[in-house]
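Participant: Just dropping this structure here.
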There are 2 protein chains.
Amino acid sequence: MSERIIGSWVSGADGSPYGVTNLPYGVFRHDGREPRIGVRIADQVLDLAGAEEAGLVLAAGALRRPTLNDFMALGRPQWTSVRQRIVELLTDTAHRAAVQPLLVPLGEVELLLPFDVADYVDFYSSEHHASNVGQIFRPGQPPLLPNWKHLPIGYHGRAGTVVVSGAPIVRPTGQRATPQGPIFGPSVRLDIEAEVGFVVGVPSPLGDRVAAVDFADHVFGVVLVNDWSARDIQAWEYQPLGPFLGKSFATSVSAWVTPLDALTDAFVPAPEQDPPVQDYLRDTPHLGLDLRMAVEWNGERVAEPPFATMYWTPAQQLAHLTVNGASLRTGDLYASGTVSGPERGQVGSFLELTWGGTEPVKVGGGETRTFLEDGDTVTIRATAPGPDGTTIALGEVTGRILPAR
Amino acid sequence: MSERIIGSWVSGADGSPYGVTNLPYGVFRHDGREPRIGVRIADQVLDLAGAEEAGLVLAAGALRRPTLNDFMALGRPQWTSVRQRIVELLTDTAHRAAVQPLLVPLGEVELLLPFDVADYVDFYSSEHHASNVGQIFRPGQPPLLPNWKHLPIGYHGRAGTVVVSGAPIVRPTGQRATPQGPIFGPSVRLDIEAEVGFVVGVPSPLGDRVAAVDFADHVFGVVLVNDWSARDIQAWEYQPLGPFLGKSFATSVSAWVTPLDALTDAFVPAPEQDPPVQDYLRDTPHLGLDLRMAVEWNGERVAEPPFATMYWTPAQQLAHLTVNGASLRTGDLYASGTVSGPERGQVGSFLELTWGGTEPVKVGGGETRTFLEDGDTVTIRATAPGPDGTTIALGEVTGRILPAR
C-alpha cells in the first residue's frame, strides 16, 4: 500500500517532514484546558477532540479522551478510516473553513505523555549493540551469549516512570561497586539508549499467542525511546535477575506516536537470520523498518544509528512476548533495545560510543564527555522514507539531566 | 498499637480467623451486578459500596468503585478511620438492622482481582531460597552472589498478567535448552513461588525517595502471591537481562488484601544483617512479619515457609525500590520473592522441595511429583498472630494447571 501525495491547504505542510503522509498522534494542552488528542501537520496541531465534537471525524468518542488509549483500542480498520478522513480534512479546501479554527500553533501547546503505559518491555535486539557490550564487559569471550540468536532477549521495565519528551531527568542515586566494596551516591556513569518503541492498541486474551503475521492488527504505531541507564548501578545490581534501578528512574518517549500507516514505505527486508529461528518466530516477509536515527549530545550529532540493521524485527518481538500466553493490553509499550549499527558513529549508547568510558567524545559547546554530566541535553531524532521519495520525521525525544537530589 | 478483641454480632465471627480483628478488603460480584468493594467477616462479605451508599461509612465515594485503588489512594488516616467504623458497624448491635442486609454469603459471590496493578516488582529476599537456588544451579560455588547482602535484588514482572486466586493457569509454551540445542514446546518444569506481596496505596513523586520509615504511609496491605515459574524457559532465556517469559504468563494473588492495620501484632524483629547495610536501607526498628505460610499440592501440605526468616524487610524493599527516584503509583505491587526457611519442609518452590527435580515428593491423591502436571492444584495459605493470642488468616491464593494450548 502506498499513499499518493496530495497537496494540503495547511501552510507549510507540503514539503514538510510532517506533511499529510505523516500525521502522528499526540496529546496536548492549550490555554490551560484539559488534555486533548491532536495530530501534527507541519508546525501546527489539529485538535481532533474539537474535530470529533464538530462531527468532522467519527471515532465513537475515542478522540475526546485525555489519552490515545481508547482510540488505539479501536483497531486497524478504524485507525485507517480516521486517518483517511483526516487527510481529506487537510487536503480538500471544502473543509478549510471548518478545520482552520481547529489548528493550534505547535509553539502554543504543551505536549503530554500520549498514552497510559500498560506494561513496558525492553528488548535487546541489535546484534552490534549486544556484541559491543559483550566485548566491553567480557573481553576475550564470545561477544554474544548462546541464547542470543535463538530468541529476542527482553525484560520488563517500569511503566510508571515512562515520561514524555522534554521531561527533566533527575540523576539517579544508588549503590555501585568499588574495589573497596559498594558505595552509595549519585550515578557517575549515566548513559542513554537510543531505541524505537512499539505501542500496542488491540489487546489479546490471557493464554493465547499473537502470531508474527498479526503484528499490524495489534500495533498502533511507533515512538522514539531514550532508555536512560545508570551503568554503574546496573553493573552492581543486575546479577542474576537483570536490570532494575539502573533503568527504572526514567524512560523518555517522543510526544508523537507515528501510526504504522505512515510507515508503509519504510518496511525493508531485515538481516538474514542464521541459525534459522523457531517456527513461531518466522515472519514472512521478514521486514524491519528503515528508520534513520540521530543522537545529539548538547546539540552535536554524535551518532546515527540505523534501525534497519536490527537482528530481530518488531513482529518477531511481539510473537515472542506472547508465545507463553501472556496477554497484551492497550498501551503496552515494547522497545527495540539500543539501536547500534556496525560503525562506531552508528551506536545508540555512550557506553559504546566511548568504549566503556575510555575514549571521550566531542559534544556541543566544544566540550568532551564520556558519560552524561548535569545540565547535558540529549535529543534523539529519526526520519523514514515516505511515499515517492519523500521523507517523514518521527517526533524527537529529548531530555536534560538535573543534579541528583 | 493493639486492638482489643470485641465480640461481633455476626454469626460465626468470634473465634473465626476472619473475625473483627482481621477484616480484609476485596472486590466481589453478586447476582450478576457490577463489581463492588467488600470486607470479609467470617464466611460473609459486607458490601461496603452498599454501606457507603447508605451513609453507614464515609470514604469520599472511594468504596463505590470497581477496584480498591481509589480507597487505597486516600492514605493511612482514612484507612484507619474506615476500618474503625467497620468494626463499630459489626460489633455494635445498634447497627445490626441496617448492616445485616448488606452481608452476602461468601459462597454466593465471585471474587475479582481486588486492585488494578500498576507496576509489579518481584524481589528475591529469602537468604535460604537464594542459597538453595545457588547450590542447585552453581554447585561448588559460593551460593550467594557478591551483591546479595548489600541490596534487595529485584526485577520488574508483567503487571498485566497478575490474576486473582482461582483463575486457571494455562501451561506456558516456549523455548528450552537441550544438549542438541534449543527446542520449542510446553514447559516441562512448571513450578510455583510462594510469596507475600505488598500493595502500594499512596503514590510518590518522580525523582523523590521514600524512606524505610515511611513504609506504613504508603503501603496499604498484604496479599499472598504465587509467582508461577517455568524453570526450563527461565533457565534458557535469563542471561543477561533476567527472567521474562518464564514468569510473565501468570502471577496469582489472593482475592483478599489484608490491611497493615490487621497485622499490628505480627511484626517481629527481622534477622540481623551482616555486613551492615547502607544508611538508606536501615529500618529502625528492623521488623519483619511473622506470617506462617503453608503450601498445598493437590490438597497435601508439602511445605510451611516461615516469612519471619526473610533477610530483607518490606520497608527496606520499598526504600530500595525508590532510592533512584522511581515514583510509586497507587496499585503498585511488590512481592517478597520466594519464601524459604532453613529446612526442606519450609521451602516456597518445588525446585527446592525436589532439589532441582531430583527428589520426588508425595502430593495429594497418593501420587508423587517433581514439577507440576496438568490438572494439579496449588494453594498457598498463611496465618498471622492477632491481638491477645488470637490468629488471623490471610486470604489464600490457589490455581489449577490447564494443558498448554
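Here the Cβ of each residue, glycine as well, is placed from N, Cα and C on the backbone.
Note that TrEMBL annotation is computational and uncurated.
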Participant: Pick from A:ASP116, A:ASP119, A:ASP122: which one does TrEMBL list with A:GLU193, A:GLU195, A:ASP227 for the same Ca(2+) site?
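Facilitator: Ca(2+) site check in TrEMBL: besides A:GLU193, A:GLU195, A:ASP227, the record includes A:ASP122 out of A:ASP116, A:ASP119, A:ASP122.
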Participant: Could you check which of the recorded positions A:HIS129, A:TYR238, A:LYS247, A:THR251, A:THR338 is the closest Cα neighbour of A:GLU195 (Ca(2+) binding site)?
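Facilitator: Going through A:HIS129, A:TYR238, A:LYS247, A:THR251, A:THR338 one by one, the closest to A:GLU195 (Ca(2+) binding site) is A:THR338.
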Participant: Including all protein chains shown, what's the count of other C-beta atoms within 10 A of the C-beta of A:HIS129 (active site, proton acceptor)?
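Facilitator: Cβ-Cβ neighbours of A:HIS129 (active site, proton acceptor) within 10 Å number 28.
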Participant: Long-range same-chain neighbours of A:GLU193 (Ca(2+) binding site), Cβ under 8 Å, sequence gap at least 6?
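Facilitator: In sequence order, the residues whose Cβ lies under 8 Å from that of A:GLU193 (Ca(2+) binding site) (at least 6 apart) are A:VAL225, A:ASN226, A:ASP227, A:TRP228, A:SER229, A:GLY337, A:THR338, A:GLY348, A:SER349.
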Participant: Report the member of A:ASP122, A:GLU195, A:ASP227 (the binding-site residues) whose C-beta atom has the most other C-beta atoms within 10 angstroms.
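Facilitator: Sorting the candidates by Cβ neighbours within 10 Å, the top entry is A:GLU195.
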Participant: Counting only other Cβ atoms and using a 10 Å cut-off, which of the binding-site residues A:GLN234, A:THR251, A:THR338 scores lowest?
Facilitator: A:GLN234
Participant: Could you tell me the C-alpha distance between A:TYR124 (substrate binding site) and A:LYS247 (Mg(2+) binding site) in angstrom, no decimals?
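Facilitator: Answer for this pair: 14 Å between alpha carbons.
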Participant: Below 8 Å between Cβ atoms and chain B: which of A:TYR124, A:GLU193, A:GLN234, A:TYR238, A:LYS247 make it? I'm asking about the binding-site residues.
Facilitator: A:TYR124, A:TYR238
Participant: If you take the centroid of the Cβ atoms of A:ASP122, A:GLU193, A:GLU195, A:ASP227, the listed Ca(2+) site, which other residues of that chain have their Cβ within 8 Å of it?
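Facilitator: Same chain, not in A:ASP122, A:GLU193, A:GLU195, A:ASP227, Cβ within 8 Å: A:GLY157, A:ALA194, A:VAL225, A:ASN226, A:SER229, A:LYS247, A:THR251, A:ALA335, A:SER336, A:GLY337, A:THR338.
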Participant: Let me check the 10 A CB neighbour count of A:TYR124 (substrate binding site). How many other CB atoms are there?
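Facilitator: Cβ-Cβ neighbours of A:TYR124 (substrate binding site) within 10 Å number 22.
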